[in-house]
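The next block holds one structure in the form of C-alpha cells; read it before the comments.
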Amino acid sequence: MDIKEIALGQIRDSIATKQKCIDSILGDITKAGEMVSKVLQSGNTVYLCGNGGSSCDASHIAAELVVRYKSGNERKALPALSLSGDSAVLTACSNDYGYEEIFARQIEAFGRKGDLLIGLSTSGNSKNVLLALEKAKTRGVKTISLLGGDGGRIKNLSDLDIIVPSKVTARIQESHILIGHILCSIVEYNLFKME
C-alpha cells in the first residue's frame, strides 16, 4: 500500500458515510434546519457545545451563523454562541465544579425558554454535553444532538437526535460539519431567501 491508496481509501470511506447519511438521516437533518430557523426567527439564541474536534465544529457552526455561511450573502448577524470559547469560564468552572459542568453551568446562566442547544458528541457519551442537554430541558431550551455510532448515553435525551451511521470518529466529525453547513444553508434560505 502506498500513500495514494491511503488517501483514496479515506476519500472513498468518507463518500460512503455521506451516502449512508442521505439514506438514513436526511429527514432528521431537514427537521433540525427548520428548528434552528424557527429559533432564530423568533429572536432566540442557538448555543453549541462539544469536546475536542466537536468543540471546533461547534465554534465553526456558531461563526457561520453569526457572520454568514455563503460568501456574498449579506445579511444581519444571528445570535449563536459556542460554549467552548471563554477560557476563564471553562477553567473556573472546571476548577470549582468539575469539567463535567462546564456547559451546563453556562446554560444555567444564559439559556432562556425558546433558545436552542446543539450538543455534539461523536460517541454520544460526553458527560459534559449530556449534563448541558439535561440542564437545557429544565430551562425550556430546545435541544438537538449530533452523535455517532449507536448514539451512546445521549441518545433519546434531546428533542431531536441526528446519529451519523458510522463508528469512525473522523467520518462522524466530517459528517457533523457537513450537517452544520446544511443547517446554516437552510437558515439563510428560510430567513433571508438566500440560496
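Positions of Cβ are set from backbone N, Cα and C atoms, glycine also.
According to Swiss-Prot:
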type: DOMAIN; residues: 36-195; note: domain 'SIS'
type: BINDING; residues: ASN51, GLY52, GLY53, GLU64, ASN95, ASP96, SER121, THR122, SER123, SER126, GLN173; note: substrate binding site
type: BINDING; residues: HIS60, GLU64, GLN173, HIS181; note: Zn(2+) binding site
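All features noted in Swiss-Prot, drawn onto the structure.
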residue	record	CB count, 10 Å
ASN51	substrate binding site	20
GLY53	substrate binding site	17
HIS60	Zn(2+) binding site	16
GLU64	Zn(2+) binding site	21
ASN95	substrate binding site	9
SER121	substrate binding site	28
SER123	substrate binding site	19
GLN173	substrate binding site	22
HIS181	Zn(2+) binding site	15
Study note, to complete from the structure: Spacing of the two Cα atoms, ASN95 (substrate binding site) and HIS60 (Zn(2+) binding site), in whole angstrom, works out to 26
Check your understanding: How would DSSP class HIS60 (Zn(2+) binding site) in three states?
Key -> helix
**Study point:** Nearest of the binding-site residues (HIS60, GLU64, HIS181) to ASN51 (substrate binding site) - Cα to Cα
**Key:** HIS60
Check your understanding: How many Å lie between the Cα of SER123 (substrate binding site) and the Cα of HIS60 (Zn(2+) binding site)?
Key -> 20
Revision key, fill the gap. Integer Å value for the Cα distance linking GLU64 (Zn(2+) binding site) with GLY53 (substrate binding site) is 17
